[in-house]
Amino acid sequence: MTQNGRLSIVNPATEEGIEEIPTTGREELDDAAERARRGFEEWRGFAGLDRAEVFHEISARMRGHADELAGIMTREGGKPFIENRDEVTWTAACFDYYGEIARDSIGYLPAPIEPQQLAMVMKEPVGTVACIVPWNYPLLLAAWKVAPALAAGNAVILKPSEETPLGTRRMMELMEGLPEGLFQAVYGAGDVGEALVRHPGVDMVAFTGSQETGRKVGVTAAERLMRANLELGGKDPFIVCDDVDVEVAAQGAVWAACLNAGQVCTSSERFYVDKKVADDFVEASKSFVESLNIGDPMDQRTDVGPMINAKGRQKVEDHVGQALDRGAKLVTGGERFGDRGFFYKPTVLTGVEPSMRVMSEETFGPVVPVVEVDSLDQAIELANSVPFGLGANVYTKDFEKMLRCARGIRAGTVWINDPLTDNDAAPFGGYGGSGIGRELGREGLEAFQESKHVHIDPRVEKKEWWYPYGKGEEPGRRVM
Ligand code: NAD
């Protein structure tokens, strides 16, 4: 929450205030942009190997502070400590990965127009990149932007969410070895984010967040003719075929729906299960959900922590409430947990319809709505029926079905029998309303690079196709 130029950080597990921190003002933003520009110039002097070395040191420092960072992240964001410690490890791995691939990615040589010429494509930084991230994976989603942006030679100004700035603030202290000003953080809510996107010192924006905010950021970037990478929300389908161990599929499904209390952009939110195994799937999901430990996210035995805030929980209550009002059946859950903290019990629903909000809008909570399907074709058609396309999950042992899903589902990632496993070396992003652009992999580096074509002819000679044209014969070649 922002009040009088300060952010109040609240522990979602207890609803108690943790700390207040000042937000970044206009003059500080101007100063940050100026320092970023100077840092950018100094960073040019670092060879790829030097950059990689700095990245590996940052990564090692993060791993060395994993428990400390995870503790801060758990208190401010409510995600279980175990998941936050994993997040720190993935964050470190992302710096390692981009430190290395940036070393062999300065460009390439296309075939020139004439054999004695040299054509080069040089990959250059864009300038200063504004990175704006949400609260659900504050360090990881920052790293997916910051690491490739810096590796590509850019300066970065990062704005964490107003809900979770404290982990980022601590991470910034571990960023030793970079030129002064090259990587800075600013703090505040949407107003600070908007000022950053509009700032003339910013050359590109990389944004992760809701579709609603992403649209605003995209419009502002378009007005400025500035590049924008947008990673937005999802409504991921989860398909279960009849040839798998239903117990395993149900446990995978519940994990994919309830990880971080369902607050993952790639949370599975719609379950299409072959009718031959649907009853068993629902029964197995119910008993697995009911076996989970809900509670204090600092406790390492806790599976499901609180939601981020009252507003987030209210949205889940609205979606589940509307579904039940319209005839869906509650299998388990469907209510708050405990008397303080923003907890919501993992919930399984059946009898849901495509028109219900729980099946058409991003719920962002621990809900497993199950639909019986007659065939894989029907499941794929339903999977593609919403205006999102971030991720999708499939459970099957049949390779032909795997390929049908891989080809037929319109989503940036299709996970088969291993839900929600991201890979630094492969692109991540959304089709359709889930975003524009990709993070991770080579695509994730190229997002932060300009391409410059340099055409060199070592001979200083008059070309025969120049003026004058009227020499009575066709010129030997054309310029374009
Ligand atoms: P949000 O859109 O409310 O906020 C995201 C960030 O944008 C925050 O830092 C916020 O302060 C900032 N912001 C708000 N208004 C702004 C404006 N006008 N200009 C610039 N910045 C502004 O999202 P959230 O609630 O923090 O996060 C949840 C959403 O993020 C969900 O929709 C989720 O699916 C999505 N998400 C997507 C991915 C992905 O990789 N595709 C990953 C995680 C989360």
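Placement of Cβ uses the backbone N, Cα and C atoms for every residue, glycine included.
The model shown is predicted, which means the values in this text are computed figures rather than measured ones.
According to TrEMBL, the protein carries these features:
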type	residues	note
ACT_SITE	GLU231	active site
DOMAIN	5-454	domain 'Aldehyde dehydrogenase'
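In this model, the domain 'Aldehyde dehydrogenase' (5-454) carries an average pLDDT of 97. Sequence-distant contacts of the residue listed as 'active site', defined by Cβ-Cβ distance under 8 angstroms and a gap of at least six in the same chain, are LEU141, ALA206, PHE207, THR208, GLY209, GLY214, CYS265, PHE428, GLY429, GLY430, SER434, GLY435, GLY437, GLU439.
According to DSSP, GLU231 (active site) is assigned to a strand segment.
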